[in-house]
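Chemist: My questions will all concern the structure given below.
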Amino acid sequence: MHDIKVGEKYEVYIDNMAHEGQGVGRIEGVAVFVEGALTGERVVAQIDKISKNYVIGHVVEILEKSRDRVEPLCPYADKCGGCSLQHLSYEGQLKYKTQKVKDNLERIGKVYTRVHDTIGMEKPQRYRNKAQFPVGMVEGKAAVTGFYAPRSHDIVPVESCMIQHEISDEIARIVRNWIRKYNISVYDEKTGKGLIRHIVTRVAFKTGEVMAVIVINGKDIQYKKQLIDALKEEIRGLKSVVININTKKTNVIMGEENITIYGSDNIIDYIKDIKFEISPLSFFQVNPVQTEVLYGKALEYADLKGEETVIDVYCGIGTISLFAAQKAAFVYGIEAVHQAVEDAKRNAYINGIKNVEFISGDAEKVMPELADKGVKADVVIMDPPRKGCDTSVLEAVIKMNPKKIVYVSCNPSTLARDLRYLEDNGYKTMEVQPVDMFPYTHHVESVALVLPSFF
């Protein structure tokens with residue numbers, strides 16, 4: 001047992017960083033996760049929470065500072081829950097992410113392979129093409145837009161976000177002023193009442209086209225013309241204004257029904273030379289610069305020569321599938337979200353790509369069915385959600401006996417688990433390339449090349 005108490009302050013040496021970016025040290029032999037601390041620092045931490053096997057605290061004083069510590073660029077860094085690594089230099093962030101991938105592979109998966117240095121961005125600010133601003137009242141005052149505080153749904157008012165495109169900030173300002181001017185009600189999560197819930201923006205980096213989506217708890221809005229006129233006057237490239245209807249008492253941001261009140265139902269953007277139609281509900285990678293790096297690395301690992309059959313599991317709107325189809329004989333794309341499959345088919349059509357078939361269904365069901373039918377794949381590309389691959393998917397992949405597996409991961413811990421399974425069943429992880437898709441956050445994407453172990 002220990003005598004650590006909530007509210008008490010303790011001196012802690014930080015010898016590591018946790019997967020969400022907290023500093024890790026020990027007090028009386030008990031692991032302590034310290035918000036705002038960096039590896040190599042000696043800090044005074046105040047304890048906020050005590051659990052059975054660990055405690056959580058935050059920095060109140062830095063006694064010995066890391067060389068990687070910097071002043072946050074963002075004035076909201078200590079309040080907003082969006083970025084957790086503002087106090088760590090960008091070079092330090094990349095090192096942390098490389099080590100995080102390596103640690104997860106070795107600790108969770110017992111996978112020992114070459115992990116390359118994380119590929120970072122030349123300009124790691126203003127990289128997001130999509131923003132989602134909750135709208136609410138703070139202390140009963142005028143309507144505000146911003147982002148949620150860490151681990152809560154309290155809105156931190158934000159005028160300008162350094163990782164969002166400037167146009168997203170402008171749209172939030174215009175809509176916020178429109179709400180205030182016409183005294184339009186805003187949504188209250190506690191009561192489920194109020195009209196305006198979220199402002200969602202999409203900015204196409206290659207074409208400059210812009211979409212503004214107003215998410216409402218109702219069927220329509222008043223003063224539409226005034227809103228459209230204000231947006232048209234100030235937002236260059238505005239192609240679409242949409243009302244999204246979400247009347248459910250839920251944390252899910254968007255509902256299923258969209259009403260276009262100005263312009264087109266979608267906007268156009270490109271990844272490399274492939275054209276994509278993006279609707280309000282489309283999944284599209286939020287960092288277009290690094291998406292080209294990530295998918296470029298996946299295709300480099302696939303090393304397609306023109307005669308291969310490729311299966312792209314968890315294909316989304318067909319991004320990797322369409323790139324692979326340019327270099328393979330045939331590609332199957334599998335995706336559980338029906339709307340994403342419809343988007344994928346549409347994107348194949350507008351790009352004139354015919355050697356691809358998109359299958360709507362859960363990978364857990366579709367992959368075993370394909371394997372049982374005797375479908376063989378030369379290359380399997382997997383880009384699963386954070387929970388990783390279901391065992392039934394991995395079993396089906398092994399049954400298909402591909403010459404190459406390319407695993408694109410957004411979660412190093414489930415990547416480690418799944419690579420362990422593949423390594424236990426005749427495959428070997430050759431190398432892993434982390435890519436920084438989300439600078440200033442703890443998130444890291446990785447691409448792993450997996451080959452038969454007899455290779």
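Yeah, the Cβs are placed from backbone N, Cα and C, and that goes for glycine too.
Pulled from TrEMBL, these are the listed features:
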- 3-61: domain 'TRAM' (DOMAIN)
- Q285, Y314, E335, D383: S-adenosyl-L-methionine binding site (BINDING)
- C410: active site (ACT_SITE)
- C410: active site, nucleophile (ACT_SITE)
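Help me picture these features in the structure, burial and contacts included.
Modeler: Looking just at the domain 'TRAM' (3-61), the mean pLDDT is 95.
Following the DSSP three-state reduction, the secondary structure of D383 (S-adenosyl-L-methionine binding site) is coil.
Same-chain residues at least 6 positions away in sequence with a Cβ under 8 Å from that of C410 (active site) are, in sequence order, P385, R386, M437, H443, E445.
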Chemist: What other residues of this chain sit with their CB within 8 A of the center of the CB atoms of Q285, Y314, E335, D383, the recorded S-adenosyl-L-methionine site?
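Modeler: For the S-adenosyl-L-methionine site the neighbour list reads F283, D312, C315, G316, T319, I320, P384, V408.
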Chemist: List nothing but the largest Cα to Cα distance in Å, as a whole number, among the residues Q285, Y314, E335, D383 that the record says bind S-adenosyl-L-methionine.
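Modeler: In whole numbers, the farthest two Cα atoms are 16 Å apart.
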Chemist: What does DSSP assign E335 (S-adenosyl-L-methionine binding site), in three states?
Modeler: strand
Chemist: Are there any residues in the same chain, six or more apart in sequence, whose C-beta is under 8 angstroms from the C-beta of Q285 (S-adenosyl-L-methionine binding site), and if so which?
Modeler: I271, T291, L294, T319, M437
Chemist: Determine the minimum-neighbour residue: among E335, D383, listed as binding-site residues, which Cβ has the fewest other Cβ atoms within 10 angstroms?
Modeler: D383
